[in-house]
Amino acid sequence: MSETGMKKSVDPSTVSKAVKKKEEAGPKNGTHPYDDILWCGGHLLVDGGIHDINVWIVDPACPSLLIALNSLVLDSFMGNEESPSKFRSDNGLFIKKKTAYILIAGVLASLVAVALLTYYIGVNGSSSTGTTTEGEGGGGDTDTPKPPAKITDVRLPTHLKPELYVIRLLPFLEPGNFTIDGHIKIDFKCIEDGSKNITLHSFDIDVNTESLVVKKKGSDTPIGVESTNYDKEREFFITILSESLEKKGVDYEMEMKFTGILGDNLKGFYRSSYKTEDTNELEYIAVTQFQPTDARRAFPCFDEPGLKAKFKITIGLDRYTGYVFDEFQESKPMSTYLVAMVVSKFEHRDELTENQDETKFRIWARKSAMDQTGFAKEIGPKILKYFEDFFGVKYPLPKQDMIAIPDFAAGAMENWGLITYREIALLFKEKVSSILSKQKIATVVSHELAHQWFGNLVTPKWWTDLWLNEGFASYVEYLGVEAARPELKFMDQFVYVDLQHVFGIDALESSHPISIPVKNPSEINEIFDKISYSKGASIIRMMQHFLTMDSFKKGLTKYLTELKFDAAEQDDLWRHLTEQAHIDEKLPKNCHLVTITRNYELNTLSLTQERFLLNTNGKSNDTHNYNIKANTPVIFNIQETGYYRVNYDDNTWNLIVDNLKTKHEDIHVTNRAQIIDDALNLARSGRLDYNISLSVTSYLAKENNYVPWSSALTGMSYLEKMLRRTAAYGNFKEYIKKLITPIYNDLGYEPKDTDNHLEKLLRVKVIDWACKVGLEDCLNRVKGDFDTWKASPDINKIGVDIRSKVYCYAIAEGSQDEWEFLWRQYLQSDVASDKVIMLSALSCTKEIWLLNRYLQRAIDPKSGIRKQDGNGIISSIARKTIGRDLAFDFIRQNWDKIANYYSQLLQFKKSHEHEFSSATRTAEQAIEITKNNIAWMDSSYKTIQEWLNK
């Protein structure tokens, strides 16, 4: 994307016209305080999308929208719990790769406006494209202009198939001249007859049309070029030939020169920078991020995932003695979005995998960060070897590089053979980085290595089946971590981290199927969300359990072997799994009949299962009887392998509550987490009385396992936010204090040598909540630890695993002095994970003026805050009660400055405001949750208040 753009100011008359009808009609003025918010928010969803960011930001008609949806989305999407495995946590600073909508979910904490701003900063600053559609709306109301229709026919013509790209690139990493000179030759095959059209993708690239040559493969005679045209709306570079291409099966080649820009917008071929440790000089690097549709920013290409080809790339460097060119080995057939290049002075550490051919495994990073690469270097080769064995398909490349990038919008990107990471997702420093950071790194490394098979070796034909990539990687990442580090007990955490988390989103009307048609780049970005990742993973986990692991693995092996180096659709996967299941006789024939018989004299219930045959004389030999006594609690969805919630009659719930109170360990730990999560969410939806659901949680004073506590605290975080400003809040805090004090005392504030991994994670959550509800010992220890560090800044004895909590509470209860101290420590730190928790903690202050200054620093390139982190700071402040209005006012008052800092917003303002329609689902979810919260308060508050008063 160009670094320059036209600045567009807000026309007050335009704003007044856009809200004229609202002002005439007026808000609903209903009895509930949220009525105005819903009315105004709904009227900002125009024609299927929020079409003008300027009107949204400065709209004066609905001032209550400043608090738009207060804590509702935070409560519903994220709670206040850290995700223990994914780079997608609620503070906005850990972000899973390319997940524009996962980013939104973390930002939506306080108001739709902040979320939508973040959407466009996040999307356009990471991996999305966004089209450059121009044009004026036609028809409709004259007071509210209709946005142009979104372009949906963006697929390339189907008559050509690329076979080989020969690319020569010369990036210039010089201030004032951040550009790219390029030359490309594309070999392609004509697979349909009679077209003069050659259509490629291209965006922000200047093609030298005089250099354009098309000819039949092996011929010296060029084919005449009649015209060239650039279709901005579709990002097409179209060449019309003077004669038709010959019949299908004939090979052609096309070559051209072009120039591009090494921008700083974290997508395409872009530049990053860092300061060297020895000289403190600024060093530039060039790096790529192409998924989903940004390869076209680096070179003209057929930029669709199903159009695989080989690549032969040469990259030049401007040395003092002249230009030096490195020529790389020709690749396997691959999709354009998986191509990656990095030009840097980084160093690397080598390791060999244990496979037969000893794949070279290298970790790259800044020189001063090389001491942080040891953990990734240890687990990476182990996980790669595990996946080779698990999938039954050899890793097809001779090397696997992983590199930590200082400025990287995503968490990581699975480029084939060169995986790029945000530094926090790859680098770990002993005695500085936390156990949670270690688990997150292991998770992301495993996820990206899983993609080398699912996504890279076999790729979806189109983004409709994105979930095949992300769902599979999000499930088997658990298996990879378990293989490399079984002590992390990572599979035990699946239900809390993925399954229960996505239940909250999938419970909304505005959710979507895991496989969903997409026709526009903006729609592609929209499905990089928890449905594709976490629901996809949950469905895969469910299939693995009913197929058995053995049949599941065999089916995957056949799928990957048959379709390697090719593109697939989800039906291809179903076919291979089904065929293998039939071979292994894992799918029973016929449908089954379940007969329920109740014996009222013996007080029992009998379930009988048998094959259902139309011929009633036919004998079924697979009848199963289940006799259950009426006073025995029954728990369905064992270990929560199925993607569904379970509700019971009140008597059964009470039996479960009694069982939890007397001998909770008789129930599997995963089902204890399931019971808590189901109970709290069923009550939230009105399907279960809160007297029962809260009674379920009362056993927690005896619980000592991380997984049930995590499920419980996530559910309690919703109640905490909803009750915070009510008369019931004091009793709620006392109830939580009663539950959490035993485990706080048992675990202890200080870590123990005997702690296992889950105990370490549990201590972090317990300390967080103990301080939140005002446990005196917790608050005193936090203050004491921080004061000790402050007195001796070079010696930080605060436990590495609880630093995020200690920093936040110390800043919240402290003064400017504590804030300035932590800010200095942030500037001095060279450990990415440490810097991130400091940035998050600095937003915990209750001083308005400090938050205002912090917001200013977030968009100041000279402040020391990287652009990739500035967005997270705005998000973090917006999620705080004291920061909601503050963040929105900041955006309103500094809109042009923010748009300039995130330069892609200028292009957006200039040419495609209407594309906020791609964020419509986010706004719809926010408004839907608002309505749900209104109904919840009306229906549930009194019951909860009375229960807490007991």
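Using the three backbone atoms N, Cα and C, a Cβ is placed for every residue, glycine included.
Those TrEMBL annotations? Automatic predictions, nothing curated.
What TrEMBL says about this protein:
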type	residues	note
REGION	1-28	region 'Disordered'
TRANSMEM	100-121	transmembrane segment
REGION	128-150	region 'Disordered'
DOMAIN	161-319	domain 'Aminopeptidase N-like N-terminal'
BINDING	H447, H451, E470	Zn(2+) binding site
ACT_SITE	E448	active site, proton acceptor
SITE	Y533	site 'Transition state stabilizer'
DOMAIN	634-904	domain 'ERAP1-like C-terminal'
- Query: Looking at the binding-site residues H447, H451, which sits with the largest number of other Cβ atoms within 10 Å of its Cβ?
  - Reply: H447
- Note on the structure: E448 (active site, proton acceptor) to Y533 (site 'Transition state stabilizer'), Cα to Cα, whole Å, comes out at 13
- Query: What is the separation, in Å, between the Cα atoms of E470 (Zn(2+) binding site) and Y533 (site 'Transition state stabilizer')?
  - Reply: 5
- Item | For the domain 'ERAP1-like C-terminal' (634-904), the mean pLDDT of the predicted model | 92
- Task: Using C-alpha atoms only, work out the spacing between Y533 (site 'Transition state stabilizer') and H451 (Zn(2+) binding site) and round it to an integer in Å.
- Result: 13
- Item | Cβ neighbour count (within 10 Å, all chains shown) around E448 (active site, proton acceptor) | 29
